[in-house]
Amino acid sequence: PSAVSLPPLPYSYDALEPVISSQIMRLHHDTHEGGYAARTGDLVAQLPPDRRNVTQLLTQVGSGFLPAAQETTLRNQGGGLWNHELFWKVMASPGSAPTSRANISPGLQSAIDAAFGSVDAMLARLKASADAVFGSGWAWVCVPTGGGRGGRLQLLATANQDNPLMQVVIKEPCAPILGLDVWEHAYYLQYQAKRADYTKAWQQLINWSAVSSFYAAATTGDLSYNI
């Protein structure tokens, strides 16, 4: 058996309709993420049993702890697995209770206000960052976990399957609590070249209950909230 398995979606394929179609979700989860999971499993199976935690491995990307070829596989495939697992978790059915801003915790609300001024301002910046990604990548909101930047929420974009856990992306560890996928496979079957329409509609799906929970974990340095 593989050292890494593909977790099931946390909801049905059609749960995010009409914002994201069931056709996209099937391809995105089963085919794209399935490939990342299989190739990540092949890699970590080569490592000692006590060094197989994907999250902890990703925090070391850029440190040279693995041979270059293995590190590249971890960065691309392990990054793809981790990023998609977070992506599924930070979404919920449009109009469902978790998407209500009433479910933003007081702690997260204070952090958003301090870093961005308001939830609307944060989402506007996240959308602008996602829209500006050239080619494939992600836009993130993350929590510095090493005491850097005063613990203030950060917003940044990454290429391909990079994420802010990786030292190659940002030297101070920063735990993603919200991520927006702008690879074409995330939206093209439905939105074609209109990425900006997708990133606008996507905001209806944000699971504020989950994001609040991830914020609480990340502020204590607990990175086990995803995988």
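A Cβ is built for glycine as well, from the same backbone N, Cα and C atoms used for every other residue.
Record features, source TrEMBL:
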type	residues	note
BINDING	His28, His84, Asp181, His185	Mn(2+) binding site
DOMAIN	5-92	domain 'Manganese/iron superoxide dismutase N-terminal'
DOMAIN	108-212	domain 'Manganese/iron superoxide dismutase C-terminal'
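Ranked by how many other Cβ atoms sit within 10 Å of their Cβ, the binding-site residues His84, His185 place His185 at the bottom.
On the 0 to 100 pLDDT scale, the domain 'Manganese/iron superoxide dismutase C-terminal' (108-212) averages 95 in the predicted structure. Under the three-state DSSP scheme, His84 (Mn(2+) binding site) falls in the helix class.
Note on the domain 'Manganese/iron superoxide dismutase C-terminal' (108-212): DSSP counts are 50 helix, 23 strand, 32 coil. What surrounds the Mn(2+) site, by Cβ distance within 8 Å of the Cβ centroid and not counting His28, His84, Asp181, His185, is the set His29, His32, Glu33, Phe87, Trp183, Ala186 from the same chain. Across the domain 'Manganese/iron superoxide dismutase N-terminal' (5-92), DSSP classifies residues as 53 helix, 1 strand, 34 coil. If you take the C-beta of His28 (Mn(2+) binding site) and look for same-chain residues 6 or more apart in sequence within under 8 angstroms, you find His84, His185, Ala186.
Note on Asp181 (Mn(2+) binding site): other Cβ atoms within 10 Å of its Cβ, all shown chains, come to 23.
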